[in-house]
Amino acid sequence: MRDSRETFVNHAFVAGYPVKHSRSPLIHGYWLKRFGIQGSYRAHEVTSDAFPDFMRQIKEGTAGFCGGNVTIPHKEAAFRLSDRPDELSAELGAANTLWLENGTIRATNTDGRGFVANLDERAKGWDRISAAVILGAGGASRAVIQAIRDRGVKAIHVVNRTPERARELADRFGSAVHAHSMAALPEVLSGAGLFVNTTSLGMDGEPAPAIDFSKLARDAVVTDIVYVPLKTPLLRQAEEQGFRVVDGLGMLLHQAAPGFEKWFGLRPVVDEALREIIISDMDKHA
């Protein structure tokens, strides 16, 4: 039996600028079809100037949405403009998933959940580590740091060209996080069980600097939040050096699942068929 929200839960969105490149409509479209839901999920290009009005329309119901996703450059604005952000988004200062509840806009951030779910699927046992190295201190690194800290990783070393930005993250996320300059990379790699690239290095096939991963723990995992190309230069380097690697596509797929459940009432599964649909689309637009 459908609940009384049926007329509202049928239409969701992803809003960003630009947003034409988004693969979220493919992901949610796959799940809608699989469950036989008569709903929609569409991309909407919304400029920064227009975003507050877009949020107002969502709250008032004039936009016809039950909720949706927000992507660059609106994640911080979505957090600020929502009525009830949760603790995850509050610590990050950014939200990527919105839903209407009793006339209010609620908000969360599912990026970190997507990141660890990808590792859980592709590198079982990864969280038995004691130390991790995060390359980059931009917005993308926040959710990764939060998620692995909350999974119990005791030492998280953030390495960045501008160490001041890494120190800001250490101040935000507590004593488990340590800030370093790039010069410290060889030292902090020693014995670490997880290496995460959160920078744009290697995106779209661009070259990446050579990294000697040999000081990592023998069973360490190297992962990249970049998923175009699927196997980035950093992942190729790590694989050639004998380490387990996990591409970034699974993070994109898994972060989408909590929102779908909020809007449409069913928990979707990230399966190989969905993964192949997205890879096929990536190949088509390569």
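Cβ coordinates are placed from backbone N, Cα and C, and glycine is handled just like the others.
Because the structure is a prediction, the values reported are computed rather than measured.
Taken from Swiss-Prot as is:
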| type | residues | note |
| --- | --- | --- |
| ACT_SITE | K75 | active site, proton acceptor |
| BINDING | S22, R23, S24, T71, N96, D111, Y227 | shikimate binding site |
| BINDING | E87, G136, A137, G138, G139, A140, N160, R161, T162, P163, E164, R165, I225, G248 | NADP(+) binding site |
Recorded positions near T162 (NADP(+) binding site), in sequence order, restricted to S22, K75, Y227 and a 10 Å Cα cut-off: none
When neighbour density is defined as the number of other C-beta atoms within 10 angstroms of a residue's C-beta, which of the binding-site residues S24, T71, N96, N160, T162 has the lowest density? T162
Students should find that the Cβ of I225 (NADP(+) binding site) has, within 10 Å, a number of other Cβ atoms equal to 25
Quick check for the class: what is the C-alpha distance, in angstrom and rounded, between G139 (NADP(+) binding site) and S22 (shikimate binding site)? 18
Please name which of the binding-site residues listed here, R23, E87, D111, N160, I225, is nearest in space to K75 (active site, proton acceptor), Cα against Cα. D111
Same-chain shell around shikimate excluding S22, R23, S24, T71, N96, D111, Y227, C-beta within 8 angstroms of the CB centroid, reads V14, N69, L252, Q255, A256
